[in-house]
Structure formats: C-alpha cells, structure tokens
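Trainee: Starting off with a structure, shown below.
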C-alpha cells in the first residue's frame with residue numbers, strides 16, 4: 001500500500017451571507033471538504049477554514065448508517081464527524097464509535113451532543129490529522145469524507161490490519177464513479193484498478209449539493225467498500241508501478257505505452273539492480289526495449305489497451321514481467 005499523505009487545506013472563500021435555516025433541518029452533520037465552498041457559511045462555525053460542508057439532511061445521514069449494516073458488537077471508525085449528524089445515528093447501533101476530527105470546534109460540538117447521555121461512554125474522540133495518526137482496531141468505517149484526502153483515506157483503510165469488514169464513504173461524485181468504474185468505460189483508470197485489486201466497491205447513493213450547508217460546488221456519492229480478506233499476495237508497489245506506466249496512455253497499445261519517454265530507462269535500471277542482487281550475468285549487447293517487446297508478445301498483451309484490461313489481465317501482465325525478472 002502507498003504511504004498516505006495529505007496536503008495543506010486550500011479552499012475558495014465562501015459568501016459571507018448566511019442562508020436561513022429551513023424548517024425541520026438539522027444543524028448537525030459531518031464535515032466534508034470540497035474544491036471550494038459555495039453558498040452561505042455555516043452560522044455556528046467558520047466552515048471555510050477547513051473547507052467543511054455540513055450534512056444537514058437527516059434522511060441522507062440515516063441512509064448512510066443503514067447501508068453499513070452495523071452489528072451491536074461493532075467498533076465504528078468515523079472520519080470527519082463534523083457536528084455529529086452521523087455520529088448520533090451510529091452510536092445506538094454499535095458498541096463503540098471512534099471519531100477522528102481535524103477541527104477542535106467540531107469535536108467539542110460532537111462531545112456536547114452526547115454529554116450526560118448513555119452514548120457518552122461509547123464515544124471516543126481523536127482530534128488531529130486522520131492521515132497521520134495510527135488507527136486503532138475497528139470493524140466498520142463510516143465517513144462524510146473531507147474530499148481532499150479521498151485517495152489517501154481509501155488506501156489507508158485498505159492497508160489497515162486487521163482488515164475491516166466494510167467502509168461506507170461519501171466522496172465527490174467523479175471520484176466515487178472512478179472507484180466503481182469497469183474496464184472499457186471512460187472512467188476506468190489506475191485508481192479503479194488499484195482499489196478493485198483489494199476490494200469490491202459498490203455505488204449506493206447519490207447526494208445532491210442541497211443536502212449540505214454551505215453547499216459544495218460538486219455533487220457527491222456514497223460508496224460501500226468491502227476489502228478482500230485475505231488480500232491478494234501482490235506487492236502493491238509493483239502493481240501500481242505497472243499501472244502507472246500503462247494508464248498514462250490508456251487508449252494506446254501496451255507496445256506504444258512502454259515506448260514513452262523514460263520508461264525503458266527506468267525498467268533497465270530496475271532490471272540491472274535485480275540481476276545484481278540475484279547474481280545474474282547480463283549478456284553483452286543487452287537491449288531492454290527488445291526484452292520488453294518479447295515479454296509483451298509472449299504474454300499476448302502487446303496490442304491490448306489498458307482502458308480495456310481488467311484486474312485479472314493486469315495481474316497476468318505483471319506476472320509475465322516478474323517471471324522475466326522485471
């Protein structure tokens with residue numbers, strides 16, 4: 001699994017005008033960062049600081065919790081609880097909730113909502129950067145995800161041991177659709193292949209902009225990720241390295257993709273390192289480009305395109321390179 005990283009929050013300023021609260025609308029909700037907020041600021045918190053968008057639709061919040069199929073014995077990890085709209089619905093359905101929140105103001109609000117209630121003993125709050133913390137044991141993850149950490153969050157969850165049962169996560173719509181994309185479709189990409197190697201992913205709900213305050217500039221979707229247990233015995237770095245090469249020109253043949261600038265030189269360097277470690281003598285006149293062509297021809301994938309190859313095809317191609325010491 002790649003090392004999860006995060007970056008500085010960068011969001012567009014939101015309008016200073018506050019939208020009036022609608023009848024029956026909850027002020028609670030998870031925080032999710034978008035590429036820039038639009039609409040009014042939250043009247044209780046300066047949500048622009050962390051690019052937060054508070055989930056205000058209680059039906060959507062309950063729907064997310066229901067899709068997790070929680071058991072009374074489950075420990076649930078919630079990422080970005082915001083003011084607790086999801087949290088207060090998760091607590092009655094499980095044994096414990098571990099909530100990771102970046103914003104101390106939001107963490108205090110969640111704590112206040114359960115103060116003096118039986119659920120107070122079931123809630124554990126972690127204030128800090130989710131990407132940088134060591135995760136405790138959990139069975140299920142539920143998150144109204146801060147969008148700028150979508151990719152590192154997914155891979156951090158997939159690298160978690162013991163393996164969690166499932167994760168129900170809200171993402172920006174385009175990112176979610178890439179997670180569930182299939183070969184020979186427009187959105188099938190390196191991200192799709194890397195995630196689907198380790199998990200089954202389902203799109204379970206669309207969430208419109210109007211369900212948040214302030215509303216983000218993008219639509220959202222909820223996906224359910226079910227990690228494969230046991231995970232495939234594949235070195236992620238090698239699988240991702242192959243995908244990095246072939247998906248850079250996804251609609252070209254693999255033969256053409258491996259002729260991209262710098263690819264042959266990189267593979268030759270790696271191959272010579274492997275030969276030195278294994279005590280293999282490289283013959284005079286060795287030509288890395290011919291070796292790559294031979295591997296592609298023998299595997300039968302020379303004229304294939306990454307855009308049309310599924311995970312099994314990618315694994316067979318990786319195995320062909322591994323057999324040849326690459």
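Every residue, even glycine, has its Cβ placed from backbone N, Cα and C.
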Trainee: With TrEMBL as the source, which of 1-38, 229-266 is set down as region 'Disordered'?
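Mentor: The listed stretch tagged region 'Disordered' in TrEMBL is 1-38.
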Trainee: Express in Å, rounded to the nearest integer, the largest CA to CA distance found among the S-adenosyl-L-methionine-binding residues 53, 55, 80, 101, 129, 144 named in the record.
Mentor: 20
Trainee: For residue 55 (S-adenosyl-L-methionine binding site), list the number of other Cβ atoms lying within 10 Å of its Cβ atom.
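Mentor: Result for residue 55 (S-adenosyl-L-methionine binding site): 27 neighbouring Cβ atoms inside 10 Å.
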Trainee: Suppose we draw a 10 Å sphere around the Cβ of residue 53 (S-adenosyl-L-methionine binding site). How many other Cβ atoms does it contain, all chains included?
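Mentor: Other Cβ atoms within 10 Å of residue 53 (S-adenosyl-L-methionine binding site): 31.
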Trainee: For the binding-site residues 101, 129, work out the Cβ neighbour count at 10 Å and name the residue with the minimum.
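Mentor: Checked 101, 129; of these binding-site residues, fewest Cβ neighbours within 10 Å: 129.
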